[in-house]
Amino acid sequence: MKIIGLTGSIAMGKSTVADFFRQAGISVFSADEAVYKLYKSEPTLSLIEYKFPGVFENGKVNRQKLSEILINDNEKLQTLEKIIHPLVQEKEKKFIDTARQQGEKLVVLDIPLLLETKGEKRVDSVVVVSAPLAIQKERAMIRQNMSEKKFAFINGRQMSDEKKRARADFIIDTGKDLENTREQVLFVIKSLLKN
């Protein structure tokens, strides 16, 4: 089984590309979705509540409040990552084990910080989703709860698009229309299944 590591900076179109892989019948593990689910389950909730008092509303993590804390405190960001990353990797391992048992030939790990965390060691091919900066920023700024400060913080934590592209086995440019993006995804699938 071949494992694709799908990555790219904020608002580059990773979710759209991941959906195109799914539509083509390829199983996708989303690190962001795993984190989102962890924010709703025990024991993660108790750990977050203990380490980050004041980020809970109605028994749930208020992601906006948590984000505001993390933007201003790198130590707290590292604390959260120490809680979340091992749990996400555990879910990723289960996903891969299940895919192998089911005889899948190709799977995708959608991991925003794949290269920053040296995750490329766990995959066979790295696919970087990329778009021009103006398009990236435009996409980011229409997101709910996004601000210039938050965009700069997130983008600053991530490896530059140029460096990511240099480390890619495949680059999917999402700066054009959706059909063009879909065709690029199908090309990647065909190329990897052929070898």
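Yeah, the Cβs are placed from backbone N, Cα and C, and that goes for glycine too.
Under the DSSP three-state reduction, ALA11 (ATP binding site) is assigned to coil, being neither helix nor strand. The ATP binding site annotation in Swiss-Prot covers ALA11, MET12, GLY13, LYS14, SER15, THR16 and rests on sequence analysis.
The domain 'DPCK' annotation in Swiss-Prot covers 3-195.
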Cβ within 8 angstroms of the Cβ centroid of ALA11, MET12, GLY13, LYS14, SER15, THR16: which residues besides those meet this for the ATP site? GLY8, VAL17, VAL129, ALA131, ARG139, THR174
Note: in the chain of MET12 (ATP binding site), residues six or more apart in sequence with C-beta under 8 angstroms of its C-beta are VAL129, SER130, ALA131, GLN136, ARG139, ASP161, THR174
